[in-house]
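Participant: Quick one: structure below, then a few questions.
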Amino acid sequence: MSEFIAENRGADAITRPNWSAVFSVAFCVACLIIVEFLPVSLLTPMAQDLGISEGVAGQSVTVTAFVAMFASLFITQTIQATDRRYVVILFAVLLTLSCLLVSFANSFSLLLIGRACLGLALGGFWAMSASLTMRLVPPRTVPKALSVIFGAVSIALVIAAPLGSFLGELIGWRNVFNAAAAMGVLCIFWIIKSLPSLPGEPSHQKQNTFRLLQRPGVMAGMIAIFMSFAGQFAFFTYIRPVYMNLAGFGVDGLTLVLLSFGIASFVGTSLSSFILKRSVKLALAGAPFVLALSALVLTLWGSDKIVATGVAIIWGLTFALIPVGWSTWITRSLADQAEKAGSIQVAVIQLANTCGAAIGGYALDNIGLTSPLMLSGTLMLLTALLVTAKVKMKKS
């Protein structure tokens, strides 16, 4: 695809950035992220309304990640010759449809169908977002355009959980998803208005992505990515029942905790470049080790609200290093195939999200309240050990 983008640049002779299109892509990414994480803050009322356990309701996160995993791997190959403008419009339609299906769901099955639609849009859009952005601006402006995209992601991660918790208490969880559907409609119209025609990739340029896994250290890196994100979702998906039952937070208190977590994540993302300049490998090993210790502290002393709040802030600050760190690892260690490596990374992350949420939900329902924390801490510790022992890092 990178060669195709280069050729396309030459043919189209992009001389000025299309900022309206860039911001429309950023807005769509932000909406997808917000809707992906809404169930985290609405898990309890959703479960009560549908007559299911919180662990089962958490599988609405699982199915989204599961479908997104396959979408990220295969959708760009399936739609090679299709104009990307129409594909992005389709993703925005799927986002809107997902929100409406969830808001009107009267059964767990319909809820899962709605969340599967979101997974298709999420995985496909994430797999294409960077290459889309690169085709909307001149080469010299690509870093700035990408910063807009990832800035939107950071903002979405900050506001998604606390906004969902606050609005859920105010207007009910179904109306929260109705409001998200309205955002989806805005996405559709903005994309139609601003996104130009973007021809698809010629079929003769199709290459085997999975051969990258045969390179030294790459498989170990992908396993480490899997364990770190599975550990994150095993904990974060069930943060509401854990914090409300273990630490005794009410809805208002939980909203503040989630807001603190989101702000800490934003700060961590902002500071990550300074930390990664010193040592990427140290950051990739040190961050999950700190998270493993945090999970242990929360398991032992999480009934204290101050301790629980402190752990949430430390978790947000520390985990923010992990996605940025692994992206940096790809650009350094797999620079010649960064786009394909990024596609595998997205799929691995979505698979990890699926497994983490699924196993965490099973543990919550069948083992106990702190079991998702113990699972998360164990995975984070294993990640730190694997990175230290096996992951290779090329110097910049």
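Numbering starts at 1 and runs along the chain as it is shown here.
Glycine too: its Cβ is placed from the backbone N, Cα and C atoms.
The topological domain 'Cytoplasmic' feature in Swiss-Prot is assigned to 1-21, 76-85, 129-147, 197-215, 277-281, 327-343, 388-396. Under the heading topological domain 'Periplasmic', Swiss-Prot lists 43-54, 169-175, 237-255. Per Swiss-Prot, transmembrane segment is recorded for 22-42, 55-75, 86-106, 108-128, 148-168, 176-196, 216-236, 256-276, 282-302, 306-326, 344-364, 367-387, and the stated evidence type is sequence analysis.
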Participant: How about the transmembrane segment (108-128) and the transmembrane segment (344-364): do they have 3 or more C-beta pairs under 8 A, pairs 6 or more apart in sequence?
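Facilitator: Yes, the stretches contact each other.
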Participant: Report, as numbers and ranges, every residue of the chain located at least six residues beyond the transmembrane segment (176-196) whose Cβ falls under 8 Å of a Cβ in that stretch; write 'none' if there are none.
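Facilitator: Counting only partners 6 or more residues beyond its ends, the transmembrane segment (176-196) has Cβ contacts under 8 Å with 18, 20-21, 23-25, 27-28, 31, 34-35, 38, 42, 85, 88-89, 92-93, 95-100, 102-103, 136, 164, 167-168.
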Participant: According to DSSP, how is the topological domain 'Cytoplasmic' (277-281) divided among helix, strand and coil residues?
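Facilitator: Counts, helix then strand then coil: 4 helix, 0 strand, 1 coil.
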Participant: Could you give the residue numbers and ranges of same-chain residues that sit at least 6 residues beyond the transmembrane segment (216-236) on either side and whose C-beta is under 8 angstroms from one of its C-beta atoms?
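Facilitator: For the transmembrane segment (216-236), the list is 40, 61, 65, 242, 284, 288, 291, 295, 315, 319, 322, 326, 329, 333-334, 341, 344-345, 348-349, 351-353, 355-357, 359-360, 363, 372-373, 375-380, 382-383, 386-387, 390-392.
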Participant: What does the DSSP secondary structure composition of the topological domain 'Periplasmic' (169-175) look like, as residue counts for helix, strand and coil?
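Facilitator: Looking at the topological domain 'Periplasmic' (169-175) with DSSP, the answer is 6 helix, 0 strand, 1 coil.
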Participant: Count, for each of 22-42, 86-106, 344-364, 367-387, the Cβ pairs lying under 8 Å from the transmembrane segment (282-302), and report the range with the highest count.
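Facilitator: When the Cβ pairs under 8 Å are tallied, 367-387 comes out ahead.
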Participant: Averaging the per-residue pLDDT over the topological domain 'Periplasmic' (237-255), what integer do you get?
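Facilitator: That stretch averages a pLDDT of 87.
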Participant: Out of 22-42, 344-364, 367-387, which stretch has the largest tally of CB pairs under 8 angstroms to the transmembrane segment (86-106)?
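Facilitator: Result: 22-42.
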Participant: DSSP says what for the topological domain 'Periplasmic' (43-54): how many helix, strand, coil residues?
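Facilitator: Grouping H, G, I as helix and E, B as strand yields 9 helix, 0 strand, 3 coil.
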